[in-house]
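Annotated features, as they stand in TrEMBL:
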| type | residues | note |
| --- | --- | --- |
| DOMAIN | 29-116 | domain 'Pyrroline-5-carboxylate reductase catalytic N-terminal' |
| DOMAIN | 258-401 | domain 'Ferric oxidoreductase' |
| TRANSMEM | 211-229 | transmembrane segment |
| TRANSMEM | 259-281 | transmembrane segment |
| TRANSMEM | 302-323 | transmembrane segment |
| TRANSMEM | 356-376 | transmembrane segment |
| TRANSMEM | 388-409 | transmembrane segment |
| TRANSMEM | 429-451 | transmembrane segment |
Amino acid sequence: MSGADMAKPLLGHGSMEGDPSVTPAAGRTIGVLGSGDFARSLAIRLVCSGFKVVVGSRNPKRKAGLFPSAAEVTFQAEAVKKTDIIFVAVFREHYSTLCHLADVLVGKILVDVSNNTEINHHKESNAEYLASLFPACTVVKGFNVVSAWMLQSGARDGNKQVLICSNNQEAKRTVAEIAQVMGFTPVDMGCMSSACEIENIPLRLLPAWKIPIFLALGLFLCFFTYNLIRQVIHPYVREQKNKLYKIPIEVVNTTLPCVAYVMLSLVYLPGVLAACLQLYYGTKYRRFPDWLDQWLQHRKQIGLLSFFCAALHAVYSFCLPMRRSHRYQLIEAAVKQAVEKKMNIWVEEEVWRMEIYLSVGIIALGLLSLLAITSLPSIANSLNWREFSFVQSTLGFVALVISTLHTLTYGWSRAFDENQYKFYLPPTYTLTLLVPCTVILAKVIFSLPCIQHRLLRIRRGWEKGRYVKFVLPSATGEYSSGETSSNV
């Protein structure tokens, strides 16, 4: 395969940045039909990028003050006559109001920037509907995934990609050229049939976050219920003590680290499962199950939710001494000590346990913060692959190990204290150790030279049971062919 073929996108949706056919075109006249917020932001960005802008409005005198002074605001028919490229910045339901311009729009390029209010609200996309109204025009779908705020900020923040599709390749190149001059990265999404997909993109609410969020909520509810039984219901049933005041702070604060810890381990568990499958099948070319594929693709979101829960746990922990109930308990303990005439209640073991527990927890939170920061596109793009892999893989695993030490120092020897088993239920932290310890143990096993070497060979293309041809000279000096297994 040639280098040019390898440079092509796998899905056919390629960035047009750097395309030699896309040449700068600043200075040409661009038309904008509409006078809303997006039209105004679009005009500002075009003017700042060096284009001449003509805005078509039904009430040019009233709307002129909203646009930059460098832009010409006139009637729609006049604006259309002065340019061959027109951005249609009006809603779909107002397309029919442009029908009186059909004669002057013949042969012009119309850029549809509209969006719907619901996903697949209409049978056909807005761009296809616009093309049906003006068959003599060339319609290009684009700029609908870009917000008005991003247009005014000049693409310095947020996603710089502009998705473009059309049945006319030359028109797509022209619009891509304009987008590139404006500071955006044009992405060719193919023919007009892709317009519906492009219009649905801004309407999707965190599509990659749904599964991780539901996972985090499910874990939170499970651990919250478990802690509620142990910390609130058990004292009430056994001792008739009202501990409901613990629910807003203590129970939540006990639940958050459990969720954060398990979620962090779930970031690295699919990698362990993938390695096990590769070792079992002896090849890297066999597809993983769909559920494992989805799991691998959601690791970033799961890790960020883990950091979010850990950060909340840190804030809740700082707030613990501020509670009125905590102050009452301190006073009660002091009075009890005075009555019993105890001069010293210092417990060396408990002091060291808490010191180590807090120190290790701070280090773990710092590493999680580093993982979260390097997940941001602006930071990740500044790192090469080895640096990014080191932070996300090596330091991420170190964070999991340190989080495990944080959990173990919290539990200390209390796992062997029968008083800690409420309703015969083990302490919560012992449950959270199951998955992380499994991941750590698997990582240690995979680091053994015999297994590590085999896994490395598989990931470099070696396959179990594959036969390779070889040629050996015979006794007569002639060459004969044969086969041998790659296992040898």
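Placement of Cβ uses the backbone N, Cα and C atoms for every residue, glycine included.
What TrEMBL says about a protein is an automatic prediction, not a curated fact.
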Using a Cβ-Cβ cut-off of under 8 Å, list the residues of the same chain that are 6+ residues beyond the ends of the transmembrane segment (211-229) and lie near it. 247, 251-252, 254-256, 258-259, 262-263, 266, 294, 298, 301-302, 305, 309, 422-423, 425, 428, 431-432
So which residues does the transmembrane segment (302-323) touch in its own chain, when a touch means Cβ under 8 Å and the partner is 6 or more beyond its ends? 212-213, 215-216, 220, 249-250, 252-253, 256-257, 259-261, 263-264, 266-267, 361, 364-365, 368-369, 371-372, 375, 396
Helix, strand and coil residues within the domain 'Pyrroline-5-carboxylate reductase catalytic N-terminal' (29-116) as assigned by DSSP: 35 helix, 23 strand, 30 coil
Any residues 6+ beyond the ends of the transmembrane segment (429-451) with a Cβ under 8 Å from its own? 223, 226, 257-258, 261-262, 264-266, 268-269, 272, 275-276, 279, 397, 400-401, 403-404, 407-408, 410-411, 415
Helix-strand-coil residue split for the domain 'Ferric oxidoreductase' (258-401), DSSP-based: 120 helix, 0 strand, 24 coil
